[in-house]
Amino acid sequence: MPSELTPEERSELKNSIAEFHTYQLDPGSCSSLHAQRIHAPPELVWSIVRRFDKPQTYKHFIKSCSVEQNFEMRVGCTRDVIVISGLPANTSTERLDILDDERRVTGFSIIGGEHRLTNYKSVTTVHRFEKENRIWTVVLESYVVDMPEGNSEDDTRMFADTVVKLNLQKLATVAEAMARNSGDGSGSQVT
């Protein structure tokens, strides 16, 4: 359970964590769960997170993303990502595993490319909170990945955790700016 969460948030998110963010680990794999509080409506945050074809909107380290010409955002579709230089990766082919607009859940697997994240799977969920006429969002992102040969669990987790945390921080920055710029706090949505 991420330490960034309040007791109320933890209590409300318990079922979602059990359903979407808990993994059966094989020997040689590790997982982690991160939370990000965002001062923007969940509809706005979801409009950014759900765009499998535009991860660079909020994900650091992505130079470009391409999809097939007649791309339809549906489970099973793929994207090809080119990673910025300086990381232990060049390219990544990723498959959309889940996209549930009603429950605001999305997830993908890395299925190819030049990188060290073998069997990487990620799930992201977007949650609405309201208290004293304030609305905010908590985003949970978890992953499971095989540890590369020669790397410890701590090494693997440190690298993946850093990337996930930076992406969630950028998501908060982007969504909060969009909400502020809309004037009414509702934000516009990514199209």
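The chain as shown is numbered from 1 upward.
Backbone N, Cα and C define each Cβ position, glycine as well.
Taken from Swiss-Prot as is:
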- 23-176: region 'START-like' (REGION)
- Lys59, 89-94, 116-122, Glu141: abscisate binding site (BINDING)
- Thr78: phosphothreonine (MOD_RES)
- 85-89: motif 'Gate loop' (MOTIF)
- Pro88: site 'Involved in interactions with PP2Cs' (SITE)
- Ser152: site 'Involved in interactions with PP2Cs' (SITE)
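Overlay of Swiss-Prot annotations on the structure.
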residue : record                                     : DSSP (3 states)
Lys59   : abscisate binding site                     : coil
Thr78   : phosphothreonine                           : strand
Asn90   : abscisate binding site                     : coil
Leu117  : abscisate binding site                     : coil
Glu141  : abscisate binding site                     : strand
Ser152  : site 'Involved in interactions with PP2Cs' : coil
Note to self: I need the least crowded one of these binding-site residues (Glu94, Glu141), counting other C-beta atoms within 10 angstroms of each C-beta.
What the structure shows: Glu94
Notebook entry, point to check: CA-CA, which of the binding-site residues Ser92, Glu94, Leu117, Asn119, Glu141 lies nearest Thr78 (phosphothreonine)?
Noted result: Glu94
Next item on the list: Drop a 10 Å sphere on every Cβ of the recorded positions Asn90, Ser152 and tell me which sphere holds the fewest other Cβ atoms.
Entry: Ser152
Next item on the list: Report, in whole Å, the straight Cα-to-Cα distance of Ser152 (site 'Involved in interactions with PP2Cs') from Lys121 (abscisate binding site).
Entry: 19
Next item on the list: Find the average pLDDT over the motif 'Gate loop' (85-89) in the predicted model and report it.
Entry: 64
Notebook entry, point to check: Counting other CB atoms within 10 A of each CB, which of the recorded positions Thr78, Ser92, Asn119 comes out lowest?
Noted result: Asn119
